[in-house]
Structure formats: C-alpha cells, structure tokens
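Chemist: The [4Fe-4S] cluster binding site annotation in Swiss-Prot covers Cys19, Cys112, Cys220, and the record cites sequence analysis as its basis. Positions annotated as isopentenyl diphosphate binding site by Swiss-Prot, on the basis of sequence analysis: His50, His90, His141, Ser248, Ser249, Asn250, Ser292. Under the heading dimethylallyl diphosphate binding site, Swiss-Prot lists His50, His90, His141, Ser248, Ser249, Asn250, Ser292, citing sequence analysis as support. If you look up Swiss-Prot, you'll see His50, His90, His141, Thr190, Ser248, Ser249, Asn250, Ser292 marked as (2E)-4-hydroxy-3-methylbut-2-enyl diphosphate binding site, on the strength of sequence analysis. Positions annotated as active site, proton donor by Swiss-Prot: Glu143.
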Amino acid sequence: MGGMSGLRRVYLARPRGFCAGVVMAIEAVERWAEALKEKGELVVYHEIVHNRVVVERLQAKGVHFVEDLAEVERLRRERRLADTVVFSAHGHPPAVRRQAAEMGLTVLDATCPLVTKVHTEAKRYAKEGYWILLIGDSADHQEIKGTYGEAPERTILVAVHTHVGKDPRLADPRTVEVPDPERVVVLTQTTLSVDDTLATIAILKKRFPKLVVPSRKDLCYATQNRQEAVKRIAPKVEAFLVLTSPHSSNGMRLLELAQSLVGRAYRLERPEELRPEWLEGVESLGITSAASTPEDLVQGVVDRLKAQNPGLEVVEEGAWETIAFREPKPLSPEEVLKGA
C-alpha cells in the first residue's frame, strides 16, 4: 500500500461496533452451536447479523444459515442437524415462527428486544383499529418484513423521506393515503437515521394531525448513540472510514451521515480494503463501525494506519455503552405456536 505520510491523528468513535442486541445474538449462536454439537449442527434463519465476517466465522464453526426454512429439509438429507433453529436479531413475521413449530423445531429467538417492542406495538395498535404507517428504507429489510408481518392488513409501508422513490413498495410520506385519517399511528424501523426519521414523522404529522407518535425510544439507542458519536467527531476530521456491510441499515446510515458532515467518507468491511487514495491530504481521520462489525476489524485498520504512519496519534473519543440483553431461552414447538 502506498504512503499515507500526511496522516497525524485518528479519532475512534465511541460507541462503535457491537451493540447489546448483536452481542446477545452472536453469543447465543456460539453457545448453542457448542452445546448441541453432539446432536448435530445448528441452523440460523437469516444472517444472524448483517456482517459477512461474522457469518463466515460462524459457518467455520459448523453453523448453517438459511433464508427459507424449507432449506432445512434439504440440509437434513446432507448433514446431521440439531432440531433447533435460531432466529436472527432482526425479527421475523409470525408465519415463519409457525412454520418452525410445524417442522418440530426448537426455537431460539435472538430478536433484539427493541425490535420485539415495535412488533408488540404493531399488534396492539392493529387490534385497536389503527392504521399503521411503518417507516423504513427498504421493503426487503428483514426488520420491515417482520414488523409488517404482525399486521399486514392494517400496515402501509412508508419511505423515510431521504429514500422516496428508491423502492416503489414504500409510499411517499407527502402523499400517502390511509382509509381512516382519524386513527393512524406511525412505527419505524429501529436502525434508520434519527434526524431523517424525525423529519419523516414531521411530514406525516402535517398530513395527519391526529397521528399517534409512540416514544422516540422506538429508535434504537445504539443507532442514536453511534450517530451522535459521528457528529461529535466530524468537526475535528477531514475524512471518515465506516466499517460496515452494505446490507447493514444502521451502518449505511452512519456512512451517509459522515458523508453529509465531512464530505469524504468511505465504506470498507475488512482492513485489507483500505485504499491509500482515500487518505490523500488527510491529517485527521475519523473511524466508526456498524453495530454488527467486530472490533478486531477496526483494530486491524488502525494497525495498518500505524504501520504506514509512524507516530500516529490514536484518540478514543466518547464513552462505551453498558447495556446488556439476556440470552434467549429455547422454546418448544408448542410454546412457539402459543406465542405465534
């Protein structure tokens, strides 16, 4: 790699990387893959978190990832599987839970508790006769699929205002229609830009004065904290590196935020993707990472920068989070059906 001799200081954003929901989900997969290895290999429905490195490391431990539970039958013919499936951190529609139970699978539901809270609200408001406007960035995002699946007949997908037109399945907040404007509530994907979500809610509130807006706490604390950390560092740096998968919604929002504040912001997933031209003319650099990015990848980038820039000053900026979530308990097929 070419010289990066102009770089003098790196600011590492705190918090960055794994949030409590991701830690809980990954630890659950690792622990149960080990605990069940005598019975067979573990299956996870959907990527446990949206990070290729995490998925590859778990695959190396014999964990299988499927996008359709029907794939479990095929895998059973080829491999010795444990009769257990882990649901990823993003949440899933009731139909998937029922399917797992009907297949006789024990379920470990590693859905983030903050996502579960939004699911609970969707069910409650639908039962009370409200129309739900669900703000998201893509109808294909697993979290949107899961929340929508709780009340599909009363939910309308709405694009966060910065993504209008990018996915035709998401309505424009400025023109969206609901059958009863007197009974309408807004819910949101938890990993969006805080500022963009609040701006979208403001647009909807103008359109529907009776709009019910649940607590701002529905926006994930980790998403908010990581965005605030980028805002704090931005005035001190000339460029930003964001370690994230392109499939991580919270990571891509960090990248967009850094680009809007600094102008020069670059995405990478692994240290070896670092490119010298990104840092030409840069003396101060900010680094952050998505809530599903392992910390050793960040440190790998820092090590490369130090090797290229002797005397490089590395500043940890901000505070770490202290929140932790309890690991899920296994649910029998009967217990899953009761709650589906």
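Just so you know, glycine gets a Cβ as well, placed from its N, Cα and C.
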Chemist: Between Ser292 (isopentenyl diphosphate binding site) and Cys19 ([4Fe-4S] cluster binding site), what is the CA-CA distance rounded to a whole number of Å?
Modeler: 7
Chemist: What are the non-local neighbours of Thr190 ((2E)-4-hydroxy-3-methylbut-2-enyl diphosphate binding site), defined as same-chain residues 6+ apart in sequence with CB under 8 A from its CB?
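Modeler: Listed in sequence order, they are Cys112, Leu114, Val115, Val118, Glu143, Asp218, Leu219, Cys220, Thr223.
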Chemist: Taking every protein chain in this structure into account, which of the binding-site residues Cys19, Cys220 has the most other Cβ atoms within 10 Å of its Cβ?
Modeler: Cys19
Chemist: Give the residue from the binding-site residues Ser248, Ser249, Asn250, Ser292 that has the most other Cβ atoms within 10 Å of its Cβ, counting over every protein chain displayed.
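Modeler: Counting Cβ neighbours within 10 Å, the top one is Ser292.
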Chemist: Using a 10 Å cut-off, grab the number of neighbouring Cβ atoms around the Cβ of Cys112 ([4Fe-4S] cluster binding site), all chains included.
Modeler: 26
Chemist: Roughly how many angstrom lie between the C-alpha atoms of Asn250 (isopentenyl diphosphate binding site) and Cys19 ([4Fe-4S] cluster binding site)?
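Modeler: Rounded to the nearest whole number, the Cα-Cα distance is 11 Å.
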Chemist: What number of additional C-beta atoms lies within 10 angstroms of the C-beta atom of His141 (isopentenyl diphosphate binding site)?
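Modeler: The answer is 19 other Cβ atoms.
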Chemist: Helix, strand or coil: which one is the residue listed as 'active site, proton donor' in, per DSSP?
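Modeler: In the DSSP reduction, the residue listed as 'active site, proton donor' maps to helix.
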Chemist: For His90 (isopentenyl diphosphate binding site) and Cys19 ([4Fe-4S] cluster binding site), what Cα-Cα distance in Å is obtained after rounding to a whole number?
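Modeler: That comes out at 13 Å between the alpha carbons.
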Chemist: Other than its own, how many Cβ atoms are within 10 Å of the Cβ belonging to Glu143 (active site, proton donor)?
Modeler: 28
Chemist: Just report the maximum Cα pair distance in Å for the recorded (2E)-4-hydroxy-3-methylbut-2-enyl diphosphate binders His50, His90, His141, Thr190, Ser248, Ser249, Asn250, Ser292, no decimals.
Modeler: 15
Chemist: Distance between Ser249 (isopentenyl diphosphate binding site) and Cys19 ([4Fe-4S] cluster binding site) at the Cα atoms, whole Å?
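Modeler: Each residue's Cα considered, Ser249 (isopentenyl diphosphate binding site) and Cys19 ([4Fe-4S] cluster binding site) end up 14 Å apart.
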